[in-house]
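Asker: Have a look at the structure that comes next, please.
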Amino acid sequence: ANFGATAWYHYDCVWKESVLLAPIDTSQSLEETVDGFEKLKNEDQTKLSSDLKKNCKAAAEKEPPLPPKMAADYAKSDKSECKSCATKIAKNALRVGFTGKANFGAVAWYHVDCLKKCPQEYSKGIKADTPLEELVDGFDKLNKDDQKKVEKEVKALASPTGAPKRKSEGEESAKASPAKKGRK
């Protein structure tokens with residue numbers, strides 16, 4: 001809904017919205033998934049639980065999961081704050097974020113180096129083979145060096161274990177010859 005407001009549906013109508021239902025993770029408790037679930041009557045909790053699981057599963061089979069919406073740009077002021085380290089993002093500094101994740105549906109901005117600390121649900125659905133131009137709004141407007149930084153960090157989010165670690169030349173040669181022992 002606009003500005004993060006709740007979009008309300010009649011109970012019977014909401015089940016027709018497979019685009020909205022497909023991304024719902026029904027493995028989580030309904031208290032985490034549905035605001036106000038604990039306030040419902042027991043019989044309504046049971047009905048909602050059953051209908052949600054059935055309809056979300058059907059929707060997920062029907063709808064391909066949507067990749068997260070991301071954006072990248074140079075901060076227009078020093079007013080935005082990194083959602084990871086909670087420090088201000090300097091004016092004109094490179095920033096990357098997830099759209100619709102902050103208050104009122106705004107972008108949850110991060111310093112590029114802090115992106116790896118974003119909540120896992122934000123980056124869920126990122127595929128390593130997705131072109132960055134499709135995944136990140138504004139990617140094509142970044143300079144080449146910044147595009148490489150963003151690409152590296154976003155691709156690391158696509159990997160379940162993070163970015164693959166590469167051995168530097170120094171590490172390889174250190175393993176090839178035993179380290180010298182220091183004096184005691």
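Here the Cβ of each residue, glycine as well, is placed from N, Cα and C on the backbone.
Feature annotation from TrEMBL assigns domain 'PARP-type' to 8-52, 70-158. Annotated region 'Disordered' per TrEMBL: 141-184, in sequence order. TrEMBL lists 141-155 with the feature compositional bias 'Basic and acidic residues'.
Describe the structural surroundings of these features, if you would.
Answerer: Summarising model confidence by region, the domain 'PARP-type' (8-52) averages a pLDDT of 85.
Long-range contacts of the compositional bias 'Basic and acidic residues' (141-155) within the same chain: residues 70, 72-74, 94, 96, 112-113, 115-116, 126, 128, 132, 135, 163, each at least 6 residues beyond the stretch ends and with a Cβ under 8 Å from a Cβ of the stretch.
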